């Protein structure tokens, strides 16, 4: 799904247009390259695991945890994608997620079914999206102001609701719900035993693949599977249907879209409501699956991280999934075996930087850039060699730092929808 | 939410021979005590720290016929909001006013001098001092030592873990005590620890998903008992223990007995109890009698301010051993490190 070039802009784009950016790309990311990169990464991680003895970096537990931590972020990012592709910046994702955590928990408790919670969480989030749509689309309010307002209102509203509802339940309080009913998990049981044995052998590559496979096939919540399926589904709707084409045209050049008969307000409305719905799902995942309980403030800024993951992914479904996965993986590493795993990660970073330096020198002939990259690689390597473990103070922000690093390296190639964040009034001419 | 900050100590001798005369002017004899209580993030019903304070307040309301006003903190609020909360209680005639949690330290320092006739108390903090401030602090390391002993005795794999909510000095006391206790039983025991967030991000006290992941990591790498001092994130640690078929140790309240943890009570072998309820009630009783002392009061093992729980009967076979260590700590034979 990420094998496409830049968003197929519909606007006639006489002034250069989106395609003018493509020469900046050195190569197109195709499926074989992606697969090759993935396998290469596992080989690298495996080698590092053998060298450092940090066995947790490819263990089944880490992969499963990474998946669980990536899903809420990925869903928020997907929400951001829908909204911003239609030209509405949605910084209110965090607030919509908060609504999702509360309504998800409430639905699960009220109807004694986690799936009712999923639906309720989606509806709660969509409600937040609808408020954002009224403000930004119907009344033309600045997108950031409306979004920030939703973040504040979301927290206050759920606190009020908790007081009304959860406080009266046994085990609940003004700040938390009782324990929620558990959601079913999918396990491909017949391969669990062999994979576990293989993983325990600590063989090069084979054990790593066994660990990764085990993490992806054992005890995976059905909600996780739903969330993963939403990524290709979003891609299909936004890039392969007439509806999606019109929706994206509203984010690129709403005036042109309107002149061609697209009801821009309607499409923006739909996009922002879906955006809230997806963020609400992310919140519901957090309370129902990840925590098993609603707690006030449990989103902990994941909505903003989701927004960053979307930008990281260049406003593309495949890219944002990658961003969420990277964040989830590094977060899982630092939470599980912080010092040791993050220390091993330093070696991975050093090797990747060294490889990049070689690439810059040989393929791009950028001597200065290559020297700088090589210098960084050497520096990281020295830090790796000088230390045995990474202090707790640093491990905690590993995910943020990693994301920031990749983002700053890739930022030259990002292209946001042309009319993103610009209020649109029907009848305007430019 | 809870805890922390104690580190800024050094003012042990700020025993400021309190002017408790003033108290009689505020509460005429026979009139009901009007108690104002400001919770930390989490509030009543957090199944931990704030709940313990709430129990002390409820007892005072019942036994001392006190009036109460409770206000709660919000996630991510500023010191100004906390000041306003304390000011609101004090200016509406509530006296004494109790601030639950070290987070109120700075705010109380500012507000207390504005209301010289109001008695203030702050739980878990000895940095805010003044003629009308009582600091109710606990020897968490001593209680944690005892549950460390319990964890080490119960661990079959010889490996235990500690999950702290936020990397602050107060939580270090829990970890230090726990590890010292575990080592006292098995000197070669394998110890793991993890703090969920770094200050000023206090989200680690409120993120069960992170608590769960961290505990899972410890169980996967060989631990079979994990002690949590992570506030609201603790429920995630219990969930992880349940999923892994392992054991967990609770904190602050007798968590196995709380309805909030009914689903996971089987994995909670014991809890380190911090008797905030006792401290709060003691303070209110003194306030009712007009005998409030300002300055620091330490609730340790000797004062029965900390301890461990036996709900569920999971550690009934080893309580005699734990109590041996308890006596040694009380007699001074063992000194528990606090950092």
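Cβ atoms are placed via backbone N, Cα and C, with glycine included.
Keep in mind that TrEMBL annotations are predicted by a computer and have not been checked by a curator.
In TrEMBL this protein carries:
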{"type": "COMPBIAS", "residues": "A:7-23", "note": "compositional bias 'Low complexity'"}
{"type": "REGION", "residues": "A:1-23", "note": "region 'Disordered'"}
{"type": "TRANSMEM", "residues": "A:33-51", "note": "transmembrane segment"}
{"type": "TRANSMEM", "residues": "A:63-82", "note": "transmembrane segment"}
{"type": "TRANSMEM", "residues": "A:88-109", "note": "transmembrane segment"}
{"type": "TRANSMEM", "residues": "A:116-137", "note": "transmembrane segment"}
{"type": "TRANSMEM", "residues": "A:143-161", "note": "transmembrane segment"}
{"type": "TRANSMEM", "residues": "A:220-239", "note": "transmembrane segment"}
{"type": "TRANSMEM", "residues": "A:269-293", "note": "transmembrane segment"}
{"type": "TRANSMEM", "residues": "A:341-361", "note": "transmembrane segment"}
{"type": "TRANSMEM", "residues": "A:368-387", "note": "transmembrane segment"}
- Stretch contact, the transmembrane segment (A:143-161) with the transmembrane segment (A:220-239), Cβ-Cβ under 8 Å, 3+ pairs: no
- Which residues, given as numbers and ranges, are at least 6 beyond the ends of the transmembrane segment (A:116-137) yet have a Cβ under 8 Å from it? 79, 83, 88, 90, 92, 95-97, 99-110, 143, 146-147, 149-150, 153-154, 180, 223, 226, 265, 268-269, 272-285, 287-288, 423-424
- Considering pairs 6 or more residues apart, do the transmembrane segment (A:341-361) and the transmembrane segment (A:33-51) have at least three CB pairs under 8 Å? yes
- Do the transmembrane segment (A:63-82) and the transmembrane segment (A:368-387) share at least 3 Cβ pairs under 8 Å, sequence separation 6 or more? no
- Item | Outside the transmembrane segment (A:88-109), six or more residues from its ends: residues with CB under 8 Å to it | 72, 76, 79-80, 116-125, 127-129, 132-133, 136-137, 143-144, 146-155, 157-158, 161-162, 165-166, 169, 177-178, 180-181, 251, 268, 271-272, 275-276, 279-288, 293-294, 298-299, 301-304, 306-307, 420-421
- Message: So if I exclude everything within five residues of the ends of the transmembrane segment (A:368-387), which remaining residues of that chain have a CB under 8 angstroms from its CBs? That is, six or more out.
- Response: 343, 346-347, 349-351, 353-354, 356-358, 360-361
